[in-house]
Amino acid sequence: MTDLSPTPAVRLHGLTKSYGRGATVLRGIDLEIAQGEFFTLLGPSGSGKTTTLRLIGGFELPDTGQIHLGEADVTTLPPYRRNVNTMFQDYALFPHMTLLDNVAYGMKVRGVARAERMERARAALDMVHLAAVADRKPTQLSGGQRQRVALARALVNKPALILLDEPLGALDLKLRREMQVELKRIQKQTGITFVYVTHDQEEALSMSDRIAVFSEGVIEQVGTPADLYERPASAFVARFIGSSSILHENGRDILLRPEDVRLEAPDYTPAPHERSMAGTIAEVSYLGPVTRVTLCGPDEQDGVTAIVPSRHARGWRERMAVVAVWPEEAAYPLPHRQG
Amino acid sequence: MKHARNPAADMTIWAAAIAVLGFLLLPLVIVLLYAFDASSVQVWPIRALSLRWFAATWADEEVRSALLVSLEVAGLATLLATVLGTLAALGMNGLSTRSMQAGSFLLTLPIALPGVLTGIAMNSFFSLLDIPFNFITLVIAHTTFCMVIIFNNVMARLRRLPPSLREAAQDMGATPWHGFITITLPLLAGSVMSGMLLAFALSFDEVIVSTFTAGSETTLPLWIFGAIRLGQHMPEVNVVVFAVIAITILPIIAGQKLAASASREH
């Protein structure tokens, strides 16, 4: 029987990595990334996502495990023999070269004729709207512009894979939003597989086809943004992605998203398909369109957070007695931890 | 940020600054003026200005040969030191912080120790090996401290070069060697050049180490030293000092300009 699914762009098998004196960074990473995917490695700092990216790029060697790019085992190949380009966190533009020469560098190294490489470099700069300043040096650019040059420099070599190491980290919020849209557009347009590292869950949800959530050197869950948000595999994923309340019932953890919870007066009688919890309001935070209300349960252990439209929340004050109400199907029992 | 101004305090600070600068620079100015003194005995105030001692000094065979020796020693020592100092910095940059500190300390000793010690050490070392003192020992001795200047300059630049630049070159297909030639080396060029200019200036007016290692060779500073000790040729000494200042100050200014523009580049 022939396997109809195409070879994945990246296949990681059993990767481990530790640095001297037993600081273990990766404890066994298995992952497949499909051709043309926008794939995000998401996790808090120190969770191993950047190390995984550096292993794929060839900047570090794993202690054990294999890395395949397409069909080829590249585990021990140096970066210059991998068909992969990286967009570095600090952009790593060469300060003594013009933007055009920066973008053309990879082609020059590989012996592409001058006329062709200049034409392709210009086209790549044009794609990120910087063709007009092609003859400037990187120091004459703003942070956002440098970041786009770094992207053009990675794209122009038409690699099988582009690695992006928190590329938007240094930008302000507005520019960040613009670049998220821009990156996604360019990824779709070129069809190149993107592997994107970030610790920003909102960014990951809005851009990715699939996401791997890292925690302490292992992958907690791999899935689409909706998988992770609606069906988290663990309490860690539930807490890391979006905000959540976790209730304990009969030894199980029940996840409740705050947007599914509403607040009613203490005398409210729940409908048959509804669940409820009485409590007192511990905190009210006005966030503009919505207001976040945190509730203490009767035993002061379980807390529930509700996010309600601000115009429905005008009456709520701290220390008021209320009832939190949610539809039965909104409560999601988290799977038991294996092992 | 602007502080409230206190005129009395301002005046005091200006007066102190001018006094310190005067203390540092006035002797230099006086020597420079004496170079134009027409008289053969220095008496203040200068009675007549003339360029006659410039002509006389230029015609003096001893001065001319000393100048040539100084230029040759400084040039050769700077070239040798550039190769050795740059290689040392590149090699040490890859080491752990602790080994790097130890290496830098050992390498910097010739400049940190009093010149007399370096001079004596060199002297007994060459004597021990039965190497006659001549032009070559002089160049070797000067190379030791010139190398420190280059090493420090290049090291400072290397530390400020983000490792991601080297990685980016390899990421785009350059072998480590190719990346070094096309990225690292051009970025070091400015600091190597400024180091070379400073090293040249340092070697050109060095006296102490030269005294112990020159043998029968006479550099310009050694000639000045000898002339002052014997109290002869004083008008010529003033002219030579004038020339030494001119020759050393230009590379120092150029070196600082280069270093400043190199640090602006990143």
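Placed from the backbone N, Cα and C atoms, the Cβ positions cover glycine too.
Note that this is a predicted model, so its numbers are computed, not measured.
For B:12-36 (among others), the entry in TrEMBL reads transmembrane segment. Long-range contacts of the transmembrane segment (B:12-36) within the same chain, counting only residues at least 6 positions beyond its ends with a Cβ under 8 Å from a Cβ of the stretch, are 42, 46, 49-51, 53-54, 235, 238-239, 241-242, 245.
Look at TrEMBL and you will find B:67-253 tagged as domain 'ABC transmembrane type-1'.
According to TrEMBL, the transmembrane segment annotation covers B:73-93 (among others).
Per TrEMBL, the feature transmembrane segment maps to B:105-129 (among others). For the transmembrane segment (B:105-129), same-chain residues at least 6 beyond its ends with a Cβ under 8 Å from one of its own Cβ atoms are 88, 137, 140-141, 144-145, 147-149, 151-152, 206-213.
Annotated transmembrane segment per TrEMBL: B:135-156 (among others), in sequence order.
The annotation transmembrane segment is assigned in TrEMBL to B:177-201 (among others). Within the chain, the transmembrane segment (B:177-201) has long-range Cβ neighbours (under 8 A, six or more residues past its boundaries) at 74-75, 77-78, 81-82, 85-86, 146-147, 149-150, 152-154, 156-158, 161, 165-166, 168-170, 247-249, 251-252, 254-256, 258-259, 261-262, 265-266.
As annotated by TrEMBL, transmembrane segment applies to B:207-225 (among others). Residues 62-63, 65-67, 69-70, 73, 115-116, 118-120, 122-123, 126, 132-135, 137-138, 140-142, 145, 237, 240-241, 243-244 of the same chain lie 6+ residues outside the transmembrane segment (B:207-225) yet bring a C-beta within less than 8 angstroms of a C-beta in it.
Distant neighbours of the transmembrane segment (B:237-254): 28, 31-32, 34-35, 37, 42, 53-54, 56-57, 63, 67, 194, 197-198, 200-201, 204-205, 220-221, 223-224, 227-228; these residues of the same chain sit at least 6 beyond its ends, with a Cβ under 8 Å from one of its Cβ atoms. Residues or ranges marked as transmembrane segment by TrEMBL: B:237-254 (among others).
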